[in-house]
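Asks: The following block contains the structure, expressed as structure tokens.
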Amino acid sequence: MMLLQPDLAGRLQQSDREEDSSDPEKLTAADIKMFLLKCLPLVALIAVAFSANPGVKIRLTQKGLEYGRQLGMASLLEKLKTAQIPDFSGKERVSPIGKVQYSLTNIRVVNLGLPQSALNLVPGSGVQLSITNAFISLHGNWRVKYLRVIKDSGSLDVSVNGLSISQTIAIKSDATGKPEASSASCSASVSSAKVKFHGGASWLYNLFSKFIDKALRKALEKQMCPLVAKSIADLNPRLKTLNVLAKVDKYAEIEYSMVSSPEISQPAIDLNLKGEFYNIGRHQEAPVPAPAFSLPAQSSNMIYIALSSYTPNSAGFVYKNAGVLSMYVTDDMIPRSSPIRLSTSTFGFFIPQISQQFPGLMMKMLVKADKNPVVKFQPNTMTVDATATATAYAIQPNGTLSPLFVLNVETSVSGQMSVSDLKLAGRISLDKMKLTLGTSYVGDFKVNSLDNILQVILKLVVIPTVNVQLSKGYPLPALGSMNLVNTQLQIMQVREGIIFIYCIEFGVSS
């Protein structure tokens, strides 16, 4: 009857998804990929547009991106320390010995520093990764040949300084509505790359190392952007595993695909998600369209999530379609301490003809929603207006049911919401109830005489059962392996009422 997550086992509704290669260049690309994997999932939950307005909005702020940058740079630093550098060869004419052929092999990283990096939003475009003043110390082997027959070899050290990369990453959806990342623009530069030879006639070869320095620097600059672009492309198989359908239970799932392109501004990136419940395997749109709503102008926390009333209202539509917004109430479900019993004796006190026609029998009552419940968000509270029928039966000795009456029940409940483990949970309480007679099988009676009994049944049985389901929670949109930490929730009025969740910080699971 209310916003149920039904799976009540007999009490509720008895009527019914890294590339590995020995190629050294690919390994270097994989290293860069590790950094991107830490950051892009925060802004990559993007898919096909299905409706004009979203039911859910997510705002990731610059502060949130900064946290992702810190995690990504730490991961990138550790991975690059074990990277294999492609072999490098060339030839140079050196006076007085003439043409020298050289090769640099088995180069490995012995030290690495990424002292300056930034991940910034580019309004209307995407995300920009900037790495500046990076330095790398390398060690490897050298081999030279000159004067046709003279060969020599030894070890070398390379000091690379002032490595800078600027990469703009575009985030969009592909034709199937799955996230897709691409390289929009890239530039790279190396201030210096100095080679020092050891062993053999190193003193001689160090005299012309400046030629190798220049060639190596140019080669590194030329290599950086293609490697980054390949790393971005290699992300897409991983990004496409992001699940934009969050299963709730055996009846329902929530779609969190995007309904429009991301809105990227200087302080934040806003993602507009569909936020609609569907019956599993059958996506039928809710009868009421999603209203337009906006996020409050806030960007001081890491992440914000807002839900309009469209999301829970679509849930009511889905569960009613599934036929599970109904419940049989029996006497054993009422606390023994209650003087109100589901029996013809109790009801006969208010409606004498019941005890006269069906003396000494137990009763059961079917409470069933006859319309979709309507959820509204108001400052600091949620209200649900629901209409249902309550059909009372006398249980005959042979188990057959004799109908007694049908009541029309109009209720208004208030709810409080909470967030835990990326789930939105709630609890409701009865505020108002109005009864009217639908059908009587025992003659006329005063409906208001049953107010107290129905309130007891709702307060002691139906609402606690609903609260058990609401306490299990409904999944919020998950961006990658993000975990919300230190969350706060507020129900507020911004044009249309919304549930506004803001996260002071978040974590990323390994």
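Cβ atoms are placed via backbone N, Cα and C, with glycine included.
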Asks: In TrEMBL, CYS186 is disulphide-linked to which residue out of CYS39, CYS225?
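Replies: It is CYS225, per the disulfide annotation in TrEMBL.
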Asks: Give me the long-range Cβ neighbours of CYS186 (disulfide bond): same chain, 6+ apart, Cβ under 8 Å, in sequence order.
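Replies: Once residues fewer than 6 apart are set aside, CYS186 (disulfide bond) is near ILE165, SER166, GLN167, THR168, MET224, CYS225, VAL228, ALA229.
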Asks: I'd like to know the mean pLDDT over the domain 'Lipid-binding serum glycoprotein C-terminal' (297-503).
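Replies: When the pLDDT values over the domain 'Lipid-binding serum glycoprotein C-terminal' (297-503) are averaged, the result is 91.
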Asks: Tell me, how many other CB atoms lie within 10 A of the CB of CYS225 (disulfide bond), whichever protein chain they belong to?
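Replies: 17, counting other Cβ atoms within 10 Å of CYS225 (disulfide bond).
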